[in-house]
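The structure under discussion appears below in the form of structure tokens.
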Amino acid sequence: MAGLKGLIGLSHFIPGLFSWHPLLMSLAFSFLMTEALLVFSPETSLLRSFSRKVKVRFHWALQLLCLLCALLGLGIISYNKYLNGKSHFVTWHGLTGLLTVLYASMQCMGGLALLYPKLMKNWTLAKLKLYHATSGLVCYLLGCASLMLGMCSLWFTTLVTGVFWYLAVLCPILTSLVIMNQVSNAYLYHKRMKP
């Protein structure tokens with residue numbers, strides 16, 4: 001019990017604990033996950049000239065950093081809610097955010113199957129890639145939805161108003177369209193066209 005009181009007392013020395021949550025979640029889903037997915041883009045990747053193996057390793061590292069930021073962001077908001085005596089996961093943003101972080105965790109475990117395909121004996125590598133890419137797209141869209149729901153929160157709408165709010169909301173919408181196009185072109189349309 002003394003340890004818990006010490007942690008609560010410590011919260012007075014942590015300036016802006018809440019502000020770390022939007023920073024870490026935006027970093028995770030707006031930057032790191034987006035960049036991890038764009039690694040495979042033939043048009044926009046900075047690693048175009050690198051081998052597929054290098055791109056996969058870079059994708060894996062960025063996704064791992066994304067997951068770490070997301071877990072830390074989730075932990076911070078949970079701790080902040082606990083300190084302030086507020087309920088957890090009662091808003092659409094909170095529920096979608098929790099689902100996104102859990103889904104991203106499972107997606108990272110699914111990515112391990114692609115790093116070590118011999119562990120998945122009854123699956124072809126092509127099928128694993130297809131499922132990982134489409135499942136990853138769902139994860140990315142969940143992350144964007146959670147970010148947009150966060151932009152509808154009282155905290156965000158108090159800080160960002162007018163045209164700047166619309167520009168902020170436009171960012172995840174545009175990146176979602178780019179990522180959906182990339183995954184569709186690389187996996188879905190290509191697979192449909194094969195006999």
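Every residue, even glycine, has its Cβ placed from backbone N, Cα and C.
Automatic prediction, not curation, is the source of TrEMBL annotations.
As written in TrEMBL, here are the features:
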type     : residues : note
DOMAIN   : 1-190    : domain 'Cytochrome b561'
TRANSMEM : 20-40    : transmembrane segment
TRANSMEM : 60-79    : transmembrane segment
TRANSMEM : 91-116   : transmembrane segment
TRANSMEM : 137-157  : transmembrane segment
TRANSMEM : 163-189  : transmembrane segment
Cβ under 8 Å, sequence separation of at least 6 from the ends of the transmembrane segment (137-157): give me the contacting residues as numbers and ranges.
18, 22, 25-26, 28-30, 33-34, 37, 91-93, 96-97, 99-100, 103-104, 107, 165, 168-169, 172-173, 175-176, 179-180, 183
Please indicate, using numbers and ranges, the residues of the same chain that are 6 or more beyond the transmembrane segment (20-40) and have a C-beta under 8 Å from a C-beta there.
47, 55, 58-59, 62-63, 65-67, 69-70, 72-73, 76-77, 80, 97, 100, 104, 136, 139-140, 143-144, 146-147, 150, 155-156, 171-172, 175, 178-179, 182-183, 186
Averaged pLDDT, computed only over the residues in the domain 'Cytochrome b561' (1-190):
88
